[in-house]
């Protein structure tokens with residue numbers, strides 16, 4: 001009695017079951033996002049192997065190809081950031097097997113390789129990039145930049161020709177690294193040629209590139225060449241910005257050509273571009289270098305009229321000029337004026353005053369200035385203490401000098417090699433050879449004595465004691481190594 005209806009039900013159900021089994025049941029969007037976040041977290045924890053297993057599990061389960069691709073991309077980026085490029089290439093091979101490989105994955109790795117400046121790996125990957133990329137200048141620009149850094153200009157030319165052959169338009173980023181290289185190499189005709197080529201191709205060089213070229217020329221003291229580039233920028237319809245003007249003004253400040261500086265300032269005003277603090281400070285420094293504090297102070301007034309608040313960087317060159325000329329009262333008046341205007345002084349302000357007070361044998365004033373500095377909450381540095389210690393050593397008062405050294409060390413300020421040299425020489429002059437020699441042996445392993453200090457110690461302490469054997473143990477520190485912050489065991493005297 002119930003046979004027929006049951007058959008009917010089964011006949012109805014069977015097609016539904018077959019229908020469900022023929023359509024893939026993907027994980028929910030939330031599940032896919034969770035698993036991708038998990039991959040990213042594992043990569044951050046440097047657990048790339050676990051992340052890779054997780055992605056393989058995704059590939060064998062019901063996850064959308066896009067979700068698997070995104071997870072692979074995170075893993076590739078991790079390998080790229082950690083410079084594990086061979087493992088990243090293995091991931092690309094796995095993606096290719098799963099038909100997931102595309103240009104964005106390859107370009108992502110290629111970008112990391114180029115940023116790591118790994119020319120060998122970049123050359124190895126380049127054919128893969130070309131095979132999978134969409135027509136774009138971006139990967140070409142990455143490779144050109146790397147090749148320029150390695151001075152592989154034959155390959156650069158080949159890439160440029162390849163871009164033309166595939167109708168890939170060059171852009172500003174294509175030319176920028178080449179132009180910057182020739183600028184730094186002082187190959188000015190090449191720079192002009194490349195800029196002309198860009199103009200002929202209707203590629204706008206842009207204010208950033210022009211300003212970069214001007215800055216590089218200023219850095220290498222090619223000021224008039226920088227001026228020509230500046231004029232070419234305007235001729236080509238590129239409007240200079242405040243940084244362009246400030247950079248060129250800084251160049252003319254270096255050579256003290258004030259007529260050209262004022263010409264540029266007036267041009268800025270005509271273009272309704274307000275000079276910034278950096279421009280004014282550069283000009284102030286230039287006038288101080290030319291021994292003209294009056295013009296420098298006039299520029300301080302001009303800054304205020306332009307609505308720009310002067311700061312310690314503005315005043316410090318004037319203070320240095322006055323104090324070096326033994327006009328200490330005028331220099332101190334400027335410091336008091338700064339305080340009255342609510343302008344904060346800095347360590348350089350006071351260190352400059354301390355140096356000049358010591359230079360003109362005004363030790364008490366130097367110490368008072370140091371105390372004033374500390375009272376204002378400004379941390380002294382080695383430049384603040386060195387002149388005071390030096391003057392005490394000149395006066396033969398080594399005990400007082402060492403008192404200031406202890407004060408420095410209590411504030412975790414390391415005495416310089418020059419400071420220790422002064423103390424060693426002062427002890428020798430006081431005929432305390434053994435004490436001088438013991439101090440030298442104690443501080444030598446942790447102190448960078450430069451060539452000058454070694455020469456001075458050799459000509460004083462070296463007459464009575466063997467210092468050459470110590471100097472042979474450690475080479476003379478170069479400028480590069482002496483600038484590195486190396487953690488050393490401190491010697492407390």
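Numbering starts at 1 and runs along the chain as displayed.
Using N, Cα and C of the backbone, Cβ positions are placed for all residues, glycine too.
Remember, it's a predicted structure, so these values are computed and weren't measured experimentally.
Marked as repeat 'PPR' by TrEMBL: 206-240, 241-275, 276-310, 311-345, 346-380, 381-415. Positions annotated as domain 'PROP1-like PPR' by TrEMBL: 361-439.
Along the repeat 'PPR' (311-345), the predicted structure has mean pLDDT 94. Break the repeat 'PPR' (276-310) down by DSSP state and the numbers are 26 helix, 0 strand, 9 coil. Summarised by DSSP class, the composition of the repeat 'PPR' (241-275) is 27 helix, 0 strand, 8 coil.
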